[in-house]
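Enquirer: This is the structure, below, for whatever I ask next.
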């Protein structure tokens, strides 16, 4: 008797729970898989030399025939940045709204994948049939226009994924959220809600974009010289506010930084930015203009060492100088880990004599988060009234806080699933339980290498970064094993060689005497020679310096 | 006619302005030098492998006969941590209050310097004659008892240094600030004030320690199981509050973590901690006790990977396990740069099932800063009414903010000196001006090495950490320059070697053919051979991988 597999619904994350970034969620029913988002994240501090991190998609590759497509909720890197890697291995249709698709296409063009990718434009009215499932959408407020949440209708019921969201009652450019459609979904019945936990630790409500616009205009009006404003390139609302404030205060805007120039151009073309005729000027033109007629819109709000703002602060930018008395606005919150970079950039700007507006948006008024705070998360939960709740987008502690919020609005504790990447929540006959685990993890990208840097390489980089390396080379005779040349010791990153000749000479003597002793004892397998040299030298160096450099013995034979 | 040097007053920092940490300030009149504080700081993220950083004291060494002593304001590492290095080179008397001296003596004992150091106990009533200058003191509130500010009476007038301070009207253990003495100093006349800028960016007042005590007791009372509380070992007020709250809720306290055990023992012996009989128990005893009778007082409030709390969170601590339902309190603010470590520790604790109280003290109530906020800084300025003001203790932006505060209370802009380490403020006949510059900088300590790691070594460590290293070895014949062995390539931290054999084989062929070509062209100086090999290999690897590992060519000759 053959065992028949029972069809059931599976929901899981391949990225984006227990971490911020590389978002990727999977909804599967029987032989149909729908993927939501395909992001990247930036490396953690122990991932030395790594450029970016994307999700491990082994599960999708093993089930490639079942994947009906990838739905993208909005155009931020942590939702689209993995596409150019994933599509190379898994060429499935992608679905995205107009601006999101515009931003994706730029990436695919750069990666040479534009022609081969099945790109599908959706809007909030679209309905997609994806195997046995149907996807529909609702508009949300976020720090980039054209953001949507997704409802996947499955044979077990509706699975709703909010994407990133907040509730802004006075948004920029009338990008209202589809609160009625959310309510309607809730009335019809939501089996499972996956909701954004980024700000689950923040009490209250996130401020409205409108108050930010007013504040920025106020700063522009009071500034007696140039205004330089740095924000995330992807924050198109903020960019619109800068343009509006410039118009109101009779200033012109010049755009600096590659990603900012890109985004302004795409969003402008697609109609997501209202840019008055003649508003944008070239960087070269600002020197001919009165200082109080100029706004410089720039990247670098995270104090990144190579960004335009940091280069301007260090007076190494080719086109724009910041002068004493200029006003610099940093309209962004530092991402955890970047505080010191931002602080350093502020220091440098102040040393030039600039007036700098920085710090928490709650104090400066020139920035608000794109993510809803606790009251908004509760509102979403109350609108959707889900039977089951899976907090997503966040470190573990944020997911936990979101779970506490869900309990507080009446979702039973046993119906809340705080999961790790790869943990499957299975639903059968309306009942959910934690199921098995699928492969999930980090794929590290270093230069052109995708996944070729793993724990061993990272461990070596860590070691090298702490105390450097000593290479010990010796040439032995093939015939009798005698030392023909060396031992020579070359070090890098260990000590300043010119001032440590004595130490290195002594190290050399220790290696030589160790080798001679071993030979006199007829130890001549290379592995054994190397181990003994490593041990003796390591011990000596630790005694002398309390450092443990990597020691690399190399034996040549002639 | 010989030129007579005019005697004048010089004030400058060798550490602690434009940075947080390694505080060291100098007041000099003619042939007398008084040093205030001698701290360390922890390395910045680009100081790879460095353990700690201390001030460059070249100026003091060049003027060693003039140095009358080092006054220490309080017992925190950023004020005492440099002593065991500095005293080795400059054995001058040190002056400190009882607890401060107790903490210093532990360090000197470990460094083997206790016997040789001239240690002088002071209290807030002391007056020290230091050459032509006289030092007196005033008690301040800070997060460690026995903190003082210093007034140096010089022939030009009084120079006041606040040390670290806040104003706490309801302090722990009745450690009141000498507000009357500060007022008296102000009435008599202060020539120059050097004041703590750490919290100059924070509006309002810093909360009182008393509210923290109440909150901690409340948490202890409500917790149904063990309470684990992590704080800075040096925060003796917080430790007292923990003991008081334990007493009030009939719990016993066990102390975990080497520095915490040290501090509790010294502060207890010296009478700075009131510890009821039988309150402290050994870690081994807690397993025999009811969970709701136990408090674990621990280090690790910064999420440091090797700290006691982190090990407990990872269930790798030898003595203490954290169980589901236990309450963990993190009573400290993350130092900038440590946010991710703290976050990770919170995640791990929550995964175990602990109830975790963490986040800004303003929300949790279980922590307040030891430094005064803007209103307190203004109060100090108004009490002292200095003619000249030099903000100290802080990054440049904090010094700037403090300068703005000083202007707001009426100090003329031209009388405020925002300086860098080494910038001398000179006072002659009551008039101050920015003078020359003395040597100031960072001395990096790596293991036993003091100052032997400089920019070249750090640059190499950085390079090694990013893309690793390739060592290329070849043995040439002394007679005709022919290749006798190799080229061999060994890599570390570059790629996972087992999966990159093709790449490394090809690299090998490129090195071999480069060498052969050079030899056929009669290029045989080693430097030239090495450069060509490096270039050819570097180019190939960058094309193939977009990585730039360090390449180390080694030529052996037989």
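The backbone N, Cα and C atoms fix where each Cβ goes, and this holds for glycine too.
For reference, TrEMBL lists these features for the protein:
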- B:21-216: domain 'Metallo-beta-lactamase' (DOMAIN)
- B:367, B:368, B:369, B:370, B:371: substrate binding site (BINDING)
Enquirer: Quick check: in three-state DSSP terms, what is residue B:367 (substrate binding site)?
Expert: coil
Enquirer: Would you identify which of the binding-site residues B:367, B:371 has the most other C-beta atoms lying within 10 angstroms of its C-beta?
Expert: B:367
Enquirer: Given the substrate site residues B:367, B:368, B:369, B:370, B:371, which other residues of that chain have a Cβ within 8 Å of the mean position of their Cβ atoms, reported in sequence order?
Expert: B:143, B:166, B:199, B:206, B:207, B:333, B:361
Enquirer: Looking at Cβ-Cβ distances, which residues of the chain lie under 8 angstroms from residue B:368 (substrate binding site) while being 6 or more apart from it?
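Expert: Counting only residues 6 or more apart in sequence, the Cβ neighbours of residue B:368 (substrate binding site) under 8 Å are B:206, B:207, B:208, B:209, B:211, B:212, B:361.
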Enquirer: Could you pull the average pLDDT for the domain 'Metallo-beta-lactamase' (B:21-216)?
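Expert: Across the residues of the domain 'Metallo-beta-lactamase' (B:21-216) the model's pLDDT averages 95 on the 0 to 100 scale.
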Enquirer: Including all protein chains displayed, how many Cβ atoms other than that of residue B:370 (substrate binding site) lie within 10 Å of its Cβ?
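Expert: I get 26 for this one.
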Enquirer: Please work out the number of neighbouring Cβ atoms within 10 Å of the Cβ of residue B:369 (substrate binding site), leaving out its own Cβ.
Expert: 18
